């Protein structure tokens, strides 16, 4: 029998014959493993690793960029929906604690896992009953081109929420609290204890000419702005029962934690330690305010028409 010059007759010394597979490639027999591996794999891989062209490099970069943007938007949407949300301040009703155009971060974990406290600064939706608290939009008109793009960024949480239907005030009374003010320079009383409010804008009286005497109904809170002379808050929307002027807890978006912009205004929005520390818990939380509470006229002042969210 003649030998095939393209096929070796001798096996590699020291290597079992069962580990060798002889296969023909292009008329030449090549030694390889029986499991299909090729002894020349490394050389073939080097041949296949051709440099990418400019277009392929650009497309690969764009694909990675799109993936990063989509993941960032998804994460931002999750954070905005369940954890934190940014808002900006369009008015001066919370001065000097917050001023116009401040950006604040709001925690949606309060109320919820964390309880509301007297003194918390909260963002809430306009209760709308019996009449809206806001007389109109508090934001400037956006261009037709920028509007949808702006709204999309707000929707996913990459821009602060417009305050068209939101307000920001300070919690003064919790459900069941008896809150009183004589309308003069006297301090506000909560459950019979006069409170000292260091956050009130200098020069303003605690209630600034608006007397009230109410018990906060169940499931609601009594709120006031720190700029008492320029805040259309619970005082100006109540009918003397505490119901129409208080804010339903289910309308609360969350608690404002800190100012993040501008840089010179960055600060933590904590609760003054001594303001409410002597206030006792309410005796009970009624479903409605007692009928004995006097009715206070609801005439709005000029400040009420000027104040908006904030």
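A Cβ is built for glycine as well, from the same backbone N, Cα and C atoms used for every other residue.
Per TrEMBL, region 'Disordered' is recorded for 1-51 (among others).
As annotated by TrEMBL, compositional bias 'Basic and acidic residues' applies to 7-18.
What TrEMBL records for 38-48 is compositional bias 'Acidic residues'.
The feature domain 'Peptidase S26' is assigned by TrEMBL to 63-261.
According to TrEMBL, the feature transmembrane segment maps to 65-84.
Taken residue by residue with DSSP, residue 93 (active site) is part of neither helix nor strand, so it is coil. Taken from TrEMBL, the feature active site applies to 93 (among others).
Feature annotation from TrEMBL assigns active site to 169 (among others). Taking the Cβ of residue 169 (active site) as reference, residues of its chain lying under 8 Å away and at least six apart in sequence are, in sequence order, 93, 94, 121, 122, 124, 223, 224, 225, 231, 233, 234, 247.
TrEMBL lists 281-310 (among others) with the feature region 'Disordered'.
Taken from TrEMBL, the feature compositional bias 'Low complexity' applies to 284-310.
There are 28 other Cβ atoms within 10 Å of the Cβ belonging to residue 93 (active site).
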